[in-house]
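Colleague: For His254, the entry in TrEMBL reads active site, proton acceptor. Per TrEMBL, glyoxylate binding site is recorded for Tyr24, Tyr129, Arg164, His254, Arg257. Residues annotated as FMN binding site in TrEMBL: 77-79, Ser106, Gln127, Thr155, Lys230, Ser252, 285-289, 308-309. If you look up TrEMBL, you'll see 1-359 marked as domain 'FMN hydroxy acid dehydrogenase'.
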Amino acid sequence: MEITNVMEYEKIAKEKLPKMVYDYYASGAEDQWTLQENRNAFSRILFRPRILIDVSKIDVSTRVLGFNISMPIMIAPTAMQKMAHPDGELATARATSAAGTIMTLSSWATCSVEEVASTGPGIRFFQLYVYKDRNVVIQLVKRAEEAGFKAIALTVDTPRLGRRESDIKNRFALPRGLTLKNFEGLDLGKIDKTNDSGLASYVAGQVDQSLSWKDIKWLQSITSLPILVKGVITAEDARIAVEYGAAGIIVSNHGARQLDYVPATIVALEEVVKAVEGRIPVFLDGGVRRGTDVFKALALGASGVFVGRPSLFSLAADGEAGVRKMLQMLKDEFELTMALSGCRSLREISRNHIKTDWDIPHYLPAKL
């Protein structure tokens, strides 16, 4: 079957992967309303294309935290990629580097920061969960720094794991032979079978539920790397993140895997962008499956987007080549959207190029 869009990889991945693994990657929390809404909300944004503009030359390149990248499309952190393909995060790292963009490595990767660094040059961020044992965190951040990672993406929406019913039904555990490589020498690398989700039990035992804003300052005291706050979906928290010295914000609802019935990230994006007032960059994570989605996010003020599930499904379908093709398809679609909207560079993409259904009042009071 010839793959013509990113979404087709999911069907192939579903056929290839064990049910427990596919369900872990694909499912959301509880009723999965936000999971569907992360996609559906994009369909409520329409284009206002401008015509008769010379689009013979289009530049989709950009800068993120001072680094030049080929496009505003980056790889989000996704855990345990060796469940999808034997090369796991190594394949994703090579594909992302070849595409000239940024990969974010999960704390819960099945390849270590050192192994990922060994694949060759590339701009890589490290996603961090803060463990109860802060010495583990210090050690991990230092290792990421020494391995050449360029930023820390601090996940802030997971004091406890969301209720993912597929994982409970499947008694999710790491398949035999796989470990969380970054924690292997610390006896924290295993996620065993339990009467519930093995991951939920692991998080309850290890992740620090007392994490608070002051810990951003603590993190800044142990590393010189810029810190992105991942998991912000309100203006109030966006303002606090700026006050505490965050280098950027990733608007994320954790792929709809934490609290159900929160807004789609594309809906929450503009509120966060307005609150930040241009002081730090804001990125979008969640629901991106088309180049048109990337354009819509940038029109609403995002500096770039991160894609998660598409990288997993393309990895499962065709390894490194799958991830390369997935990124190329999104880039090509995005460039086409720019051309058809009359935009030659990212600077020319504006709020005037789109119309959202939330621009239109849904409620008009009856005449008295």
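Including glycine, each Cβ sits where the backbone N, Cα and C put it.
If you look at the structure here, what lies around each of the features I listed?
Modeller: Long-range neighbours of His254 (active site, proton acceptor) (same chain, six or more residues apart, CB within less than 8 Å of its CB): Thr155, Asp157, Thr158, Gly162, Gly231.
The C-beta environment of Gln127 (FMN binding site), restricted to residues of the same chain at least 6 apart in sequence and closer than 8 Å, consists of Pro77, Thr104, Leu105, Ser106, Ser107, Ile152, Ala153, Leu154, Thr155, Lys230.
The average pLDDT computed for the domain 'FMN hydroxy acid dehydrogenase' (1-359) is 95.
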Colleague: Among all protein chains shown, how many Cβ atoms are found within 10 Å of the Cβ of Lys230 (FMN binding site), not counting that one?
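Modeller: The answer is 28 other Cβ atoms.
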Colleague: Given a separation of at least six residues and a C-beta threshold under 8 Å, show me what packs close to Arg289 (FMN binding site) in the same chain.
Modeller: Asn5, Val6, Met7, Arg39, Pro310
Colleague: Which of the binding-site residues Tyr24, Tyr129, Arg164, Arg257 has its Cα nearest to the Cα of Gly287 (FMN binding site)?
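Modeller: Closest recorded candidate to Gly287 (FMN binding site) by Cα: Arg257.
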Colleague: List the Cα distance (Å, whole number) between Asp285 (FMN binding site) and Arg257 (glyoxylate binding site).
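Modeller: Checking the Cα atoms of Asp285 (FMN binding site) and Arg257 (glyoxylate binding site) gives a distance of 13 Å.
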